[in-house]
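Worksheet: one structure, shown below.
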Protein chains: 2
Amino acid sequence: MSHPHPELGPPPPLPDRTLRIVPLGGLGEIGRNMTVFEYGGKLLIVDCGVLFPEEEQPGIDLILPDFDYIRDRLDDVEALVLTHGHEDHIGAVPFLLRERPDIPLVGSRLTLALLSAKLGEHRIKPELVQVSEGERRSFGQFDCEFFSVNHSIPDALAVGIRTPGGSLLHTGDFKMDQLPLDGRLTDLAGFARFGAEGVDLLLSDSTNAEVPGFVTSERDIAGVIDNVFAKADKRIIVACFASHIHRVQQVLDAAHAHGRKVAFVGRSMVRNMNIARDLGYLSVPGGLLVDVKELDDLPPNEAVLVSTGSQGEPMSALTRMANRDHQIRIEKDDTVVLASSLIPGNENSVNRVINGLTRWGAKVVHKGNALVHVSGHSSAGELLYVLNMVRPRNFMPVHGEWRHLRAHAQLAMLTGVPEKQVVIAEDGVVVDLHKGRARIVGAVPAGYVYVDGTSVGDVTESALKDRRILGEEGFISVIVAVDSQSGKIIGEPEIHTRGSGIDVDAYDEVIPKIQDALEQAAADGITDPAQLRQLVRRGIGRWVNETYRRRPMIVPVVVEI
Amino acid sequence: MSHPHPELGPPPPLPDRTLRIVPLGGLGEIGRNMTVFEYGGKLLIVDCGVLFPEEEQPGIDLILPDFDYIRDRLDDVEALVLTHGHEDHIGAVPFLLRERPDIPLVGSRLTLALLSAKLGEHRIKPELVQVSEGERRSFGQFDCEFFSVNHSIPDALAVGIRTPGGSLLHTGDFKMDQLPLDGRLTDLAGFARFGAEGVDLLLSDSTNAEVPGFVTSERDIAGVIDNVFAKADKRIIVACFASHIHRVQQVLDAAHAHGRKVAFVGRSMVRNMNIARDLGYLSVPGGLLVDVKELDDLPPNEAVLVSTGSQGEPMSALTRMANRDHQIRIEKDDTVVLASSLIPGNENSVNRVINGLTRWGAKVVHKGNALVHVSGHSSAGELLYVLNMVRPRNFMPVHGEWRHLRAHAQLAMLTGVPEKQVVIAEDGVVVDLHKGRARIVGAVPAGYVYVDGTSVGDVTESALKDRRILGEEGFISVIVAVDSQSGKIIGEPEIHTRGSGIDVDAYDEVIPKIQDALEQAAADGITDPAQLRQLVRRGIGRWVNETYRRRPMIVPVVVEI
């Protein structure tokens, strides 16, 4: 089992008959999944997703994989395969296509439909290659076979890649619901057949590798939702992910059975459900759907809202309802169902939403008190099935933080993959597959690329560090005007402060000291603005720290007149 | 069941033979528990704790209850009863004593010992009144009876308060472990006896009211910890709360049984365990404890560390170990046990610690994968016992967020408390108990009081709002020097920016525009600095928003020379 090698250098030139694997995202983190496969000077990419920022990345909208490694070789990209339509797999595609718009995008019907809608918003017209499960198709020397997999979005695919350098199976995200709503099973038989042929390397989804046992069937939620509908005699509001078409289907079915009408709320919910309905992934009984405005005319016990906002996003409809800041007014005995997972990091915001809704008298049903969500990722029990069916020569856990990758590696070893043939790599670590052996051979840059507003990559770690200090402590700016000829201070230093919590009047105490120090400096012939700024920074920094035990950012400005 | 009344006015003067209840903290939140009881012009306070800030309160160290309601009446305070020694019950005492140092502090032996140590750090010598379970003692007209309760810290008490206006029972924090390690049970028989006498109002801990069933016994952890010790052949590091003396006892027992030595790490851990040992609450076999420095001389399979940092606090020993930034170097196959709850809001930081430890090859045992923690608060099953034993005339859930208070209220109604006699109040809501009926009669201020550095209360909501903007977007400061006589601009506007992610060079584009606007203003005879600042703010704000889709704080400074 390979361990992290912070000292890894750049990889050697790609040897002959070698398949190189370069994960640019998704290893050591949950999100921005992207893996580059190289053979014979050509590239195949699988997935190109975004990572959502945490509190460590304040003000950031999205985090992208670093495309630097492939930037000069974009013309060598044979295709970009998208395993399914979730943001952490397709979200960065618009940004990659800005650099080369005609990369062929390969995916299932639904995946490409969701991707096209997204690219349309970015005014990009992509080159699309639709594939289905069971299909085999070559992109240059990459001979790809697609397998159906079951996940929390329909029409997901795993991809087998055969090259003269070796063959591998990349599962994408998957679980193994044995009674899926759409009857579309994870193609374990296909995995077995490919395994029998000889799979040199398995890359498999590690998200739930720490969770023992098996994921409950999506179907088992139906009874719980039906029960909620049976008991509710006021309005029902269901919040879930806008991509979870099967979950929404179950809500529509329950609403239909209980004689209620449904309105969709939230831009992405409305957009995705239109796509899913048009393509036949969502079945909507006639007359079931109404516009949110028509809902007001219905008695509460005939109304259902299906909304985004299950993660307590500040601007979402649900959060605004919880704050009574939305046209939909939560009333006593309304029922709100959070039919989704709770993504780590969102606990506080979801908790605030639950408290807000409870305060107005709503009953809140969530995964903590009812089976209204099942995961989209295989648990350990299911991962073992895949390992035992594929019997890969080498194993590389993907899609997960360190804890998940390591747990998945343990599972692989339990099924008999030798420790030396289990490769735990993190983003940027380069793995070469040669003569049936996978080896770490180097590393390439794979840092975070931040999207903030319209710009990509110009917000640096140093700007984020400044934001963290400013966000904790605020700043104090001291402006000193200096005569550029004589070096003498003109007037009094002026102080501006925000977020420091220190009243401007308090500075009357320190301004004379700064003035004295500056006058002394002038007398000593010090006129270098950098030195003067340093003098001001030290003087006021020390005063704030001693008086208030705080460390706001000090911004000294010397204006030369 | 009373609902929130945001329109509540100030309460009327206290009528005769009325017991008034004013919760200043802990209702609608988890933390800063403090309740004021008033009778005949005199006050009794129960608990005076702190709340720990969330990401909504950046840079804040602690949040206190607002003492404003009692500030002018501190001389009327007969006593401050502390139910137990947790920070959310005693943490604000030093700040209250700054306003009147000789308030009698009433509590059990351990509670007062922990409190004294804390007050010693603030150089306060308090007036202490030690009480024990079963004791009855009057403070003015407040006739108090103390009952033993079991909690996640030893020596916790519930308090019954009898006044001519009515009698009530305040449980404090409690659970009902029927086989507690110290044999000290929650005095349910005492509650029953008091109930038989007639309890007008029950105030009971709501933290776990949503959790069905019963809390597992602390004793059941022993087997799990023993198992961890039996399997580990390298170092063992156990992180838990510094106040959880029984948990530490179990670790010491396991270490002793497996022939290991133990070192305490972390200031509060060392301090509390010394107090607990001196008072006989912690039993330490001779020769078991060593200094952390001596630990290096022991083989890894003989070493145990008991440390703080179970919540992933950035500066804690455990977090620094995870980042390899501590004298204790995590090695492959070390075992780390997080023997504590995961306080909501800390999920991300704990996750980062687990990933860090896993990355270095440590095995991490936590409540997600083993029974190494049980809650300190009664679940619904146990809360029902108390309701059924006390049979209160009125019920008021305390210690919890809205969701918990409401769940507890439901439990009370299930046991037969009439809906009209269940009072859900939040912080500041005033409840009068008169002739056996509890009623909401008004509200008093009970906002957050922030401690930041050495100062209390001078960081306002507006400063926090500034911090949130600065933390998300940074700032751009534009400094313009203006001739105070002519109103003409001197030199070029100067731009300083931090955290905006916009390079200083980019401003070359906008500076001429600002200059033009200012010159135009001068030509129009506009010299008012406020108007000039507004002009600059608008000009640069519009440019940043249009060019970058960002909204940093704009700080225009007009220096008049």
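Using the three backbone atoms N, Cα and C, a Cβ is placed for every residue, glycine included.
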With B:HIS84, B:HIS86, B:ASP88, B:HIS89, B:ASP173, B:HIS399 listed by TrEMBL as Zn(2+)-binding, which of these, B:HIS151, B:HIS373, is given for the same site?
B:HIS151
Which of B:ASP452, B:ASP458, B:ASP466, B:ASP483 shares the Ca(2+) site with B:GLY59, B:ASP61 per TrEMBL?
B:ASP452
Starting from the Cα of B:GLY376 (substrate binding site), work out which of the binding-site residues (B:ASP88, B:HIS151, B:ASP173, B:HIS399) are within 10 Å.
B:HIS151, B:ASP173
Can you see whether DSSP assigns B:HIS89 (Zn(2+) binding site) to helix, strand or coil?
helix
Among B:ASP61, B:ASP88, B:ASP173, B:ASP205, B:ASP452, which are recorded positions, the residue with the most C-beta atoms within 10 angstroms of its C-beta:
B:ASP205
From the recorded positions B:HIS84, B:ASP173, B:ASP205, B:VAL374, pick the residue whose C-alpha lies nearest to the C-alpha of B:ASP452 (Ca(2+) binding site).
B:HIS84
Using Cα positions only, nearest of the recorded positions to B:ALA242 (substrate binding site) (B:HIS84, B:HIS86, B:HIS151, B:ASP205, B:HIS399):
B:HIS86
Do you know which of the binding-site residues B:ALA242, B:VAL374 has the most other C-beta atoms within 10 angstroms of its C-beta?
B:ALA242
Can you filter B:GLY59, B:ASP61, B:HIS89, B:SER243, B:HIS399 (the binding-site residues) down to those whose Cβ is less than 8 Å from some Cβ in chain A?
B:GLY59
Find, for the listed binding-site residues B:HIS84, B:HIS89, B:HIS399, the residue with the lowest Cβ contact count at a 10 Å cut-off, counting only other Cβ atoms.
B:HIS84
Overall pLDDT for the domain 'Metallo-beta-lactamase' (B:31-225), taken as the rounded mean:
97
